[in-house]
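Asker: The structure under discussion is supplied below as structure tokens; questions concerning it will follow.
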């Protein structure tokens, strides 16, 4: 269990560390443009309405008429957004809170990308590389993360949803329990029957031959 969790934890940690680097040059890196002008205010309003027990679908006194039913970016049907909204009521520093939310989203994306890569048969080290490189890639780190947080949130959960769905469909396994991924497509060819073995050193080895190799079938006594 420990060895299976080492690579994803390392990938998530590396992603968070990499995402913090831009803040060394500009501390408000994750609180600009759309986040500052609109997203944080909507989080705060939704958190306040939840605490007040106000689940009305429209609020004409706020930006964009507060159509919380139809608005996909900050609607009232997202449990994750509930948590973000409630958290905004507990922390008065808007820039710091927005930064924490975005780092959490990048961490979720990293974990999801690791799951997705493993679901397609990628080895653990390379899956960790993918899970670290993609969240720190150009458009995500340069635009979505600092400004367009709604796109970041939607994108962050996509790899995890696809990876877990593929795992359930292909392996018929619990999506949350760590296990080996299904065999890649090139290893899914028809296996040779148990009576077929590879002949080595004049004796029949117990190692099966792959479907891509010409088989030599041995009888019970070891003769060809």
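Sequential numbering from 1, following the chain as shown.
Including glycine, each Cβ sits where the backbone N, Cα and C put it.
TrEMBL lists these features:
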COMPBIAS  185-194  compositional bias 'Low complexity'
REGION    175-194  region 'Disordered'
TRANSMEM  7-32  transmembrane segment
TRANSMEM  94-117  transmembrane segment
TRANSMEM  126-143  transmembrane segment
TRANSMEM  149-169  transmembrane segment
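For the listed features, I'd like the structural context: burial, neighbours, distances.
Answerer: Outside the transmembrane segment (7-32) by six or more residues, the chain places 40, 94-95, 98-99, 102-103, 106-107, 109-111, 113-115, 124-125, 127-129, 131-132, 135-136, 141, 145-147 with a CB less than 8 A from a CB of the stretch.
If you look at the transmembrane segment (94-117), the same-chain residues 6 or more away from its ends with a CB under 8 A from one of its CBs are 7-8, 11-12, 15-16, 19-20, 23, 27-31, 35-36, 39-40, 43, 84, 87-88, 126-128, 130-132, 134-135, 140, 145-146, 149, 152-153, 155-164, 166-167.
Outside the transmembrane segment (126-143), and at least 6 residues removed from its termini, the chain residues within Cβ reach (under 8 Å) are 7-8, 10-12, 14-15, 18-19, 22, 106, 109-111, 113-114, 117-118, 152, 155.
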Asker: Same chain only, please: residues at least 6 beyond the ends of the transmembrane segment (149-169) with a C-beta under 8 Å from a C-beta of the stretch. Say none if there are none.
Answerer: 34-35, 39, 73-74, 80-81, 98, 101-102, 105-106, 108-109, 111-113, 115-120, 140, 175-176, 181
